[in-house]
Amino acid sequence: MDVRTKMQESSSQLSTTSYQSVPTFPLHSTNEKAIPLLGFGTAEYPFGASIDTMKQTILEAIEVGYRHFDTAALYQTEQPLGEAISDALRLGLIKSRDELFITSKLWCSDAHHDCVLPALKKTLKNLKLEYLDLYLIHWPVSVKPGEYELPVKKKDLVPIDLKSVWEAMEECQALGLTKSIGVSNFSCKKLETILSTAKIPPAVNQVEMNPMWQQKKLRKFCDEKGILIESYSPLGAKGTLWGTNRVMECELLKEISQAKGKSLAQVCLRWAYEQGVCVLVKSFNKERMKQNLDIFDWKLSAEESRKISQLPQFKGFPAGEFVSDDGPYKSLEELWDGEI
């Protein structure tokens, strides 16, 4: 059964928190805990720019009802997230770490078989946690070990051995250091490469997705393979290294938001949720945090959804940083296998 069908058939049985009724979905690779289908992202560019205020921001997010948090070695937010979790427990905002769903990601400089386990152990130390709920390969890219930076140095780009890196990810899950494993920014072809040898298939593929970049081909493939899509940059990520204002300035989305009496952001988040994916949001404003949670008790009409489906498509983050004449990917076509 594909992900979308499973989600639709179980919609009446989706467990919800008592905080803001965020639906959850069981990942195929673990029976222990379902993933909340709305998560809070902690990436802020330049990375580390908000590190002094990040702990308080995360505490406020927990207070208003978020239980799913997404971080990465690259973001420099693992430590403040860990501190926020400790404070939330001390303050009684949560009773147990098990109430939270925590995701982090393996950076390109650690995307080598022998670097994966040490990298995860470092992440867990930063977070002050015994396990992750989900650990992702951040990009299908390797660079020489050492630096955590984006853009990467093109002279450091080296071929990634997906088979051996995935084997190391499987070892991490077998050791109980992460409950599930997955990938991020992977094309259908690169997923096929992993699936051809995997003992544990990826539970998640976290990718750019919004009304202006709908990922229809990739979503269909992942549905069929039982891989849950997570959407990052659901509002277009304006103000980041990779973001654009195309989503927030889209006239159709403005019209729908006015007709619904909802914010444009809420329309985008509701649209993504209705596509059967998990959505990652980010706002450091407490009122907008609350608004972003308020997407589950109303629907887009069939006509509104149809119009959104016909929007012109434009990828916001082509990731040319990973393309080099002297590197493993000589073109964007090679990086994305034509899915651009």
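FYI, residue positions are counted from 1 along the chain as it appears here.
Note: Cβ is positioned from N, Cα and C throughout, glycine not excepted.
What TrEMBL says about this one:
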type: DOMAIN; residues: 38-310; note: domain 'NADP-dependent oxidoreductase'
type: ACT_SITE; residues: Y75; note: active site, proton donor
type: SITE; residues: K105; note: site 'Lowers pKa of active site Tyr'
type: BINDING; residues: H138; note: substrate binding site
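A map of TrEMBL features onto the structure.
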residue: Y75; record: active site, proton donor; CB count, 10 Å: 26
residue: K105; record: site 'Lowers pKa of active site Tyr'; CB count, 10 Å: 28
residue: H138; record: substrate binding site; CB count, 10 Å: 21
Taking the Cα atoms as reference points, how far is Y75 (active site, proton donor) from K105 (site 'Lowers pKa of active site Tyr') in Å?
9
To the nearest Å, how far is the Cα of H138 (substrate binding site) from the Cα of K105 (site 'Lowers pKa of active site Tyr')?
5
Between 0 and 100, where does the mean pLDDT of the domain 'NADP-dependent oxidoreductase' (38-310) sit?
94
